[in-house]
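Visitor: Just lifted these from TrEMBL, have a look:
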type	residues	note
DOMAIN	1-360	domain 'Kinesin motor'
BINDING	G57, Q58, T59, G60, S61, G62, K63, T64	ATP binding site
REGION	226-249	region 'Disordered'
COMPBIAS	237-247	compositional bias 'Polar residues'
Amino acid sequence: ETVLVKCSRPGHASVNKTFQFERVYNDLESQDAVFADVAPLLTSLLDGYNVCIMAYGQTGSGKTYTMLGPQLEGNLALSIEEESELGIIPRATQEVFRLLSEKPPGSYWVEVSVVEVYNNEIFDLLAKDSYGKVFGIKRDVVTTREGKSDVPLLTHETVENASEFLHLVNKGLQLRVTHPTLVHAHSSRSHLVVTLTITTAVFGDNFGTLWEDELTSQRLNKEASCTFPQKMRDNKSTSSSRASSPVQLEATEKMKQVKTRLQLVDLAGSECVGMSGVTGAALRETSFINRSLSALADVLGAIAEQRAHVPYRNSKLTHLLQDSVGGDAKLLVMLCIAPGQKYVTESLQSLGFGTRARQVQRGQVKKKNFPVPSKAK
(Lines of atoms letter the chains of each structure in order from A; the text may use other names.)
(Lines give C-alpha, C1' and ligand atoms only; values in the text may rest on other atoms or scores of the structure.)
Protein backbone atom coordinates (compact mmCIF):
# COMPACT_ATOMS: atom_id res chain seq x y z
CA GLU A 1 0.00 0.00 0.00
CA THR A 2 1.01 3.60 -0.55
CA VAL A 3 1.75 6.50 1.78
CA LEU A 4 1.59 9.88 0.07
CA VAL A 5 3.25 12.80 1.87
CA LYS A 6 2.85 16.39 0.75
CA CYS A 7 5.91 18.46 1.67
CA SER A 8 5.76 22.21 1.53
CA ARG A 9 7.84 25.09 2.87
CA PRO A 10 7.20 28.84 2.70
CA GLY A 11 8.45 30.20 -0.60
CA HIS A 12 8.90 26.73 -2.13
CA ALA A 13 6.69 24.65 -4.37
CA SER A 14 4.94 21.66 -2.77
CA VAL A 15 6.49 18.25 -3.43
CA ASN A 16 4.69 14.90 -3.12
CA LYS A 17 6.66 11.86 -1.93
CA THR A 18 5.40 8.30 -2.18
CA PHE A 19 6.36 5.35 0.03
CA GLN A 20 5.37 1.72 -0.45
CA PHE A 21 4.65 -0.66 2.43
CA GLU A 22 2.92 -4.01 2.95
CA ARG A 23 0.02 -2.49 4.89
CA VAL A 24 -1.14 0.99 5.84
CA TYR A 25 -3.70 1.49 8.62
CA ASN A 26 -6.06 4.44 8.81
CA ASP A 27 -7.05 6.13 12.04
CA LEU A 28 -10.33 4.20 12.25
CA GLU A 29 -8.80 0.71 12.23
CA SER A 30 -8.68 -1.13 15.54
CA GLN A 31 -5.95 -2.91 17.48
CA ASP A 32 -7.68 -6.13 16.38
CA ALA A 33 -6.99 -5.28 12.73
CA VAL A 34 -3.35 -4.54 13.46
CA PHE A 35 -2.77 -7.79 15.33
CA ALA A 36 -4.54 -9.83 12.64
CA ASP A 37 -1.58 -9.00 10.39
CA VAL A 38 0.96 -9.74 13.14
CA ALA A 39 -0.38 -13.09 14.38
CA PRO A 40 0.75 -15.31 11.43
CA LEU A 41 4.37 -14.38 12.15
CA LEU A 42 4.23 -15.98 15.59
CA THR A 43 3.95 -19.50 14.20
CA SER A 44 7.57 -19.08 13.06
CA LEU A 45 8.62 -19.30 16.72
CA LEU A 46 7.43 -22.89 16.83
CA ASP A 47 9.26 -23.56 13.56
CA GLY A 48 12.58 -22.58 15.15
CA TYR A 49 13.01 -18.94 14.13
CA ASN A 50 13.71 -15.89 16.25
CA VAL A 51 11.12 -13.15 15.72
CA CYS A 52 11.34 -9.43 16.43
CA ILE A 53 8.39 -7.02 16.35
CA MET A 54 9.18 -3.36 16.95
CA ALA A 55 7.40 -0.03 16.84
CA TYR A 56 9.34 2.89 15.38
CA GLY A 57 8.38 6.55 15.11
CA GLN A 58 8.70 9.98 16.59
CA THR A 59 7.78 10.86 20.17
CA GLY A 60 4.03 10.88 20.70
CA SER A 61 3.14 9.04 17.49
CA GLY A 62 1.56 6.03 19.24
CA LYS A 63 4.33 3.43 19.57
CA THR A 64 3.60 2.47 23.18
CA TYR A 65 -0.13 2.32 22.49
CA THR A 66 0.53 0.09 19.47
CA MET A 67 2.78 -2.26 21.45
CA LEU A 68 1.09 -2.24 24.86
CA GLY A 69 -2.31 -0.60 24.65
CA PRO A 70 -3.67 1.11 27.77
CA GLN A 71 -1.28 1.26 30.70
CA LEU A 72 -2.57 -1.30 33.17
CA GLU A 73 -0.70 0.09 36.20
CA GLY A 74 -0.73 -3.30 37.91
CA ASN A 75 -4.47 -3.88 37.47
CA LEU A 76 -4.94 -7.04 35.41
CA ALA A 77 -8.76 -7.02 35.65
CA LEU A 78 -9.50 -5.46 32.29
CA SER A 79 -12.95 -4.52 31.05
CA ILE A 80 -14.15 -5.73 27.65
CA GLU A 81 -13.52 -2.24 26.24
CA GLU A 82 -9.95 -2.20 27.57
CA GLU A 83 -9.26 -5.70 26.25
CA SER A 84 -10.19 -4.50 22.77
CA GLU A 85 -7.49 -1.84 23.16
CA LEU A 86 -4.71 -4.26 24.07
CA GLY A 87 -1.57 -3.85 21.98
CA ILE A 88 0.77 -6.25 20.25
CA ILE A 89 2.75 -7.34 23.33
CA PRO A 90 -0.15 -8.77 25.39
CA ARG A 91 -1.91 -10.13 22.31
CA ALA A 92 1.24 -11.81 21.00
CA THR A 93 1.79 -13.50 24.34
CA GLN A 94 -1.78 -14.80 24.43
CA GLU A 95 -1.35 -16.19 20.92
CA VAL A 96 1.99 -17.83 21.73
CA PHE A 97 0.50 -19.64 24.72
CA ARG A 98 -2.48 -20.68 22.59
CA LEU A 99 -0.12 -22.20 20.04
CA LEU A 100 1.92 -23.90 22.75
CA SER A 101 -1.21 -25.42 24.29
CA GLU A 102 -1.38 -27.66 21.22
CA LYS A 103 2.03 -29.12 22.07
CA PRO A 104 2.60 -32.10 24.40
CA PRO A 105 2.71 -31.09 28.08
CA GLY A 106 6.25 -30.91 29.42
CA SER A 107 7.83 -30.55 25.99
CA TYR A 108 8.49 -26.81 26.39
CA TRP A 109 8.79 -24.00 28.92
CA VAL A 110 8.60 -20.23 28.59
CA GLU A 111 10.72 -17.50 30.20
CA VAL A 112 10.41 -13.73 30.10
CA SER A 113 12.93 -10.92 30.56
CA VAL A 114 12.29 -7.18 30.51
CA VAL A 115 15.05 -4.65 29.89
CA GLU A 116 15.35 -1.02 28.90
CA VAL A 117 18.18 0.54 26.95
CA TYR A 118 18.67 3.95 28.54
CA ASN A 119 21.50 6.30 27.59
CA ASN A 120 23.15 3.38 25.78
CA GLU A 121 23.13 1.22 28.91
CA ILE A 122 21.09 -1.94 29.49
CA PHE A 123 19.02 -2.17 32.67
CA ASP A 124 17.40 -5.37 33.90
CA LEU A 125 13.87 -4.34 34.99
CA LEU A 126 13.08 -7.67 36.68
CA ALA A 127 16.17 -7.79 38.91
CA LYS A 128 15.49 -7.90 42.67
CA ASP A 129 17.41 -6.63 45.65
CA SER A 130 18.17 -8.66 48.78
CA TYR A 131 14.68 -7.84 50.13
CA GLY A 132 12.94 -9.14 46.99
CA LYS A 133 12.05 -5.67 45.71
CA VAL A 134 12.28 -5.22 41.94
CA PHE A 135 14.72 -2.56 40.80
CA GLY A 136 16.64 -1.84 37.61
CA ILE A 137 20.23 -3.04 37.62
CA LYS A 138 22.75 -2.37 34.89
CA ARG A 139 23.81 -5.30 32.72
CA ASP A 140 26.06 -5.67 29.70
CA VAL A 141 25.63 -7.42 26.38
CA VAL A 142 28.34 -9.71 25.03
CA THR A 143 28.91 -11.88 21.99
CA THR A 144 29.29 -15.60 22.71
CA ARG A 145 31.75 -17.95 21.02
CA GLU A 146 28.92 -19.03 18.73
CA GLY A 147 28.50 -15.43 17.57
CA LYS A 148 25.21 -14.90 19.44
CA SER A 149 24.35 -11.96 21.65
CA ASP A 150 23.88 -12.63 25.37
CA VAL A 151 23.29 -10.61 28.53
CA PRO A 152 25.05 -12.35 31.45
CA LEU A 153 23.13 -12.44 34.76
CA LEU A 154 19.94 -11.17 33.10
CA THR A 155 16.83 -12.12 35.07
CA HIS A 156 14.66 -14.73 33.32
CA GLU A 157 11.34 -15.52 34.99
CA THR A 158 9.48 -18.70 34.09
CA VAL A 159 5.83 -18.09 33.17
CA GLU A 160 3.04 -20.55 32.51
CA ASN A 161 0.37 -18.28 31.01
CA ALA A 162 -0.26 -14.83 29.58
CA SER A 163 -1.48 -13.42 32.91
CA GLU A 164 1.82 -14.20 34.64
CA PHE A 165 3.63 -12.66 31.71
CA LEU A 166 1.59 -9.43 31.87
CA HIS A 167 2.16 -9.17 35.60
CA LEU A 168 5.94 -9.24 35.12
CA VAL A 169 5.87 -6.78 32.22
CA ASN A 170 3.84 -4.35 34.32
CA LYS A 171 6.42 -4.62 37.11
CA GLY A 172 9.15 -3.70 34.66
CA LEU A 173 7.13 -0.82 33.21
CA GLN A 174 6.95 0.85 36.62
CA LEU A 175 10.73 1.38 36.41
CA ARG A 176 10.90 2.62 32.84
CA VAL A 177 12.29 6.12 32.47
CA THR A 178 9.85 8.78 31.21
CA HIS A 179 10.15 12.55 30.93
CA PRO A 180 7.69 15.24 29.78
CA THR A 181 8.48 17.15 26.59
CA LEU A 182 6.62 19.76 24.56
CA VAL A 183 5.56 16.97 22.19
CA HIS A 184 4.51 14.32 24.71
CA ALA A 185 3.74 14.64 28.45
CA HIS A 186 4.83 11.05 29.20
CA SER A 187 7.62 10.55 26.70
CA SER A 188 9.51 7.26 27.07
CA ARG A 189 13.22 8.00 27.35
CA SER A 190 14.39 4.43 26.84
CA HIS A 191 13.92 1.53 24.46
CA LEU A 192 11.83 -1.23 26.06
CA VAL A 193 12.73 -4.80 25.03
CA VAL A 194 10.46 -7.60 26.27
CA THR A 195 11.88 -11.02 25.41
CA LEU A 196 9.89 -14.24 25.50
CA THR A 197 12.13 -17.30 25.22
CA ILE A 198 10.65 -20.69 24.36
CA THR A 199 12.79 -23.71 25.17
CA THR A 200 11.59 -26.84 23.41
CA ALA A 201 12.64 -30.26 24.65
CA VAL A 202 13.74 -32.33 21.65
CA PHE A 203 14.10 -36.04 22.29
CA GLY A 204 15.95 -38.80 20.44
CA ASP A 205 14.48 -41.35 18.03
CA ASN A 206 13.76 -43.84 20.78
CA PHE A 207 11.74 -41.41 22.82
CA GLY A 208 8.42 -42.98 21.87
CA THR A 209 9.25 -46.21 23.76
CA LEU A 210 9.49 -44.18 26.98
CA TRP A 211 5.88 -43.08 26.67
CA GLU A 212 4.26 -46.50 26.42
CA ASP A 213 3.31 -46.57 30.09
CA GLU A 214 0.96 -43.80 31.28
CA LEU A 215 2.53 -43.48 34.72
CA THR A 216 5.97 -43.10 33.16
CA SER A 217 4.52 -40.39 30.93
CA GLN A 218 3.27 -38.43 33.91
CA ARG A 219 6.64 -38.65 35.68
CA LEU A 220 8.49 -37.46 32.58
CA ASN A 221 6.12 -34.54 32.08
CA LYS A 222 6.65 -33.41 35.68
CA GLU A 223 10.43 -33.82 35.37
CA ALA A 224 10.57 -31.91 32.08
CA SER A 225 8.34 -29.04 33.12
CA CYS A 226 9.62 -28.58 36.68
CA THR A 227 13.19 -29.88 36.98
CA PHE A 228 14.75 -29.49 33.53
CA PRO A 229 14.26 -25.71 33.15
CA GLN A 230 15.89 -24.84 36.48
CA LYS A 231 18.82 -27.19 35.99
CA MET A 232 19.47 -26.11 32.43
CA ARG A 233 19.10 -22.42 33.18
CA ASP A 234 21.61 -22.70 35.99
CA ASN A 235 23.96 -24.84 33.86
CA LYS A 236 24.04 -27.43 36.63
CA SER A 237 24.53 -31.16 36.32
CA THR A 238 21.45 -33.16 35.35
CA SER A 239 21.91 -35.29 38.47
CA SER A 240 19.32 -34.73 41.18
CA SER A 241 19.54 -34.89 44.96
CA ARG A 242 16.52 -37.18 45.01
CA ALA A 243 16.43 -40.65 43.48
CA SER A 244 15.66 -40.77 39.76
CA SER A 245 14.30 -43.74 37.93
CA PRO A 246 16.33 -45.32 35.07
CA VAL A 247 13.66 -44.15 32.65
CA GLN A 248 14.01 -40.54 33.80
CA LEU A 249 17.79 -40.66 33.51
CA GLU A 250 17.54 -42.10 30.01
CA ALA A 251 15.14 -39.36 28.98
CA THR A 252 17.48 -36.70 30.38
CA GLU A 253 20.42 -38.07 28.42
CA LYS A 254 18.44 -38.19 25.18
CA MET A 255 16.88 -34.76 25.57
CA LYS A 256 18.25 -31.68 23.83
CA GLN A 257 16.96 -28.14 24.04
CA VAL A 258 16.18 -25.72 21.23
CA LYS A 259 15.62 -22.07 22.13
CA THR A 260 13.65 -19.57 20.08
CA ARG A 261 13.22 -15.95 21.02
CA LEU A 262 10.42 -13.44 20.53
CA GLN A 263 11.60 -9.88 21.12
CA LEU A 264 8.91 -7.22 21.41
CA VAL A 265 10.36 -3.73 21.24
CA ASP A 266 8.84 -0.36 22.05
CA LEU A 267 11.52 2.01 20.81
CA ALA A 268 11.99 5.45 22.30
CA GLY A 269 10.81 8.15 19.94
CA SER A 270 13.08 9.99 17.58
CA GLU A 271 12.67 13.73 18.06
CA CYS A 272 13.84 17.13 16.96
CA VAL A 273 15.34 19.01 19.90
CA GLY A 274 13.85 22.30 18.73
CA MET A 275 10.39 20.73 18.59
CA SER A 276 10.56 18.88 21.92
CA GLY A 277 12.13 21.77 23.85
CA VAL A 278 14.25 19.50 26.06
CA THR A 279 17.24 20.76 28.04
CA GLY A 280 19.74 19.40 30.56
CA ALA A 281 19.46 15.68 31.31
CA ALA A 282 16.56 15.27 28.89
CA LEU A 283 18.70 16.73 26.10
CA ARG A 284 21.39 14.13 26.85
CA GLU A 285 18.71 11.42 26.73
CA THR A 286 17.58 12.68 23.32
CA SER A 287 21.12 12.50 22.01
CA PHE A 288 21.48 8.86 23.06
CA ILE A 289 18.04 7.98 21.66
CA ASN A 290 18.72 9.48 18.26
CA ARG A 291 22.19 7.91 18.05
CA SER A 292 20.87 4.45 18.85
CA LEU A 293 18.07 4.78 16.31
CA SER A 294 20.62 5.91 13.74
CA ALA A 295 22.72 2.83 14.58
CA LEU A 296 19.65 0.63 14.05
CA ALA A 297 19.10 2.21 10.63
CA ASP A 298 22.78 1.59 9.78
CA VAL A 299 22.45 -2.08 10.72
CA LEU A 300 19.37 -2.55 8.54
CA GLY A 301 21.13 -0.71 5.71
CA ALA A 302 24.17 -2.99 5.97
CA ILE A 303 21.96 -6.09 5.92
CA ALA A 304 19.94 -4.75 2.97
CA GLU A 305 23.13 -4.06 1.01
CA GLN A 306 24.57 -7.46 2.07
CA ARG A 307 27.76 -5.90 3.38
CA ALA A 308 30.42 -8.18 4.83
CA HIS A 309 30.37 -6.27 8.12
CA VAL A 310 27.17 -5.35 9.97
CA PRO A 311 27.86 -2.78 12.74
CA TYR A 312 25.81 -4.38 15.52
CA ARG A 313 28.22 -3.23 18.22
CA ASN A 314 27.86 0.47 17.44
CA SER A 315 24.99 0.56 19.92
CA LYS A 316 23.85 -1.50 22.92
CA LEU A 317 20.40 -1.59 21.32
CA THR A 318 21.56 -3.19 18.06
CA HIS A 319 23.94 -5.52 19.90
CA LEU A 320 21.05 -6.68 22.09
CA LEU A 321 18.78 -7.23 19.07
CA GLN A 322 21.44 -8.86 16.90
CA ASP A 323 19.96 -12.37 16.88
CA SER A 324 16.44 -11.11 16.16
CA VAL A 325 17.40 -8.62 13.44
CA GLY A 326 20.15 -10.52 11.63
CA GLY A 327 20.60 -14.09 10.45
CA ASP A 328 17.42 -15.88 9.40
CA ALA A 329 15.31 -14.18 12.08
CA LYS A 330 12.04 -12.56 11.07
CA LEU A 331 11.57 -8.84 11.68
CA LEU A 332 8.34 -6.82 11.57
CA VAL A 333 8.48 -3.03 11.89
CA MET A 334 5.36 -1.06 12.79
CA LEU A 335 5.88 2.56 11.72
CA CYS A 336 3.95 5.10 13.74
CA ILE A 337 3.43 8.42 11.97
CA ALA A 338 2.08 11.71 13.33
CA PRO A 339 -0.13 13.14 10.55
CA GLY A 340 0.31 16.84 11.38
CA GLN A 341 2.07 19.00 8.80
CA LYS A 342 4.36 20.47 11.47
CA TYR A 343 5.79 16.98 12.02
CA VAL A 344 6.50 16.32 8.35
CA THR A 345 10.30 16.23 8.82
CA GLU A 346 10.06 13.58 11.54
CA SER A 347 7.45 11.65 9.53
CA LEU A 348 9.67 11.58 6.45
CA GLN A 349 12.57 10.34 8.57
CA SER A 350 10.41 7.51 9.96
CA LEU A 351 9.14 6.58 6.50
CA GLY A 352 12.73 6.53 5.27
CA PHE A 353 13.63 4.14 8.08
CA GLY A 354 10.73 1.89 7.09
CA THR A 355 11.83 1.91 3.47
CA ARG A 356 15.32 0.83 4.49
CA ALA A 357 13.91 -1.98 6.65
CA ARG A 358 11.72 -3.12 3.77
CA GLN A 359 14.77 -3.53 1.53
CA VAL A 360 16.19 -6.28 3.74
CA GLN A 361 16.03 -9.60 1.88
CA ARG A 362 16.48 -12.82 3.83
CA GLY A 363 16.47 -15.24 0.91
CA GLN A 364 14.79 -18.64 1.01
CA VAL A 365 14.35 -20.09 4.51
CA LYS A 366 13.54 -23.65 5.45
CA LYS A 367 11.19 -24.80 8.16
CA LYS A 368 12.89 -26.39 11.16
CA ASN A 369 10.86 -29.31 12.50
CA PHE A 370 11.10 -30.40 16.14
CA PRO A 371 10.69 -34.17 16.69
CA VAL A 372 8.59 -34.03 19.88
CA PRO A 373 6.20 -36.78 20.95
CA SER A 374 2.54 -36.51 20.02
CA LYS A 375 -0.22 -36.12 22.58
CA ALA A 376 -1.54 -39.56 21.63
CA LYS A 377 1.63 -41.14 22.99
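Start at 1 and count along the chain as shown; that gives each residue its number.
Each Cβ is built from the backbone N, Cα and C atoms, and glycine gets one as well.
TrEMBL entries are annotated by machine, without manual review.
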Visitor: Within 10 Å of the Cβ of K63 (ATP binding site), how many other Cβ atoms are there?
Guide: 25
Visitor: Over the span of the domain 'Kinesin motor' (1-360), how high is the average pLDDT in this prediction?
Guide: 78
Visitor: So if I draw a 10 Å sphere around the Cβ of S61 (ATP binding site), how many other Cβ atoms end up inside it?
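Guide: The answer is 24 other Cβ atoms.
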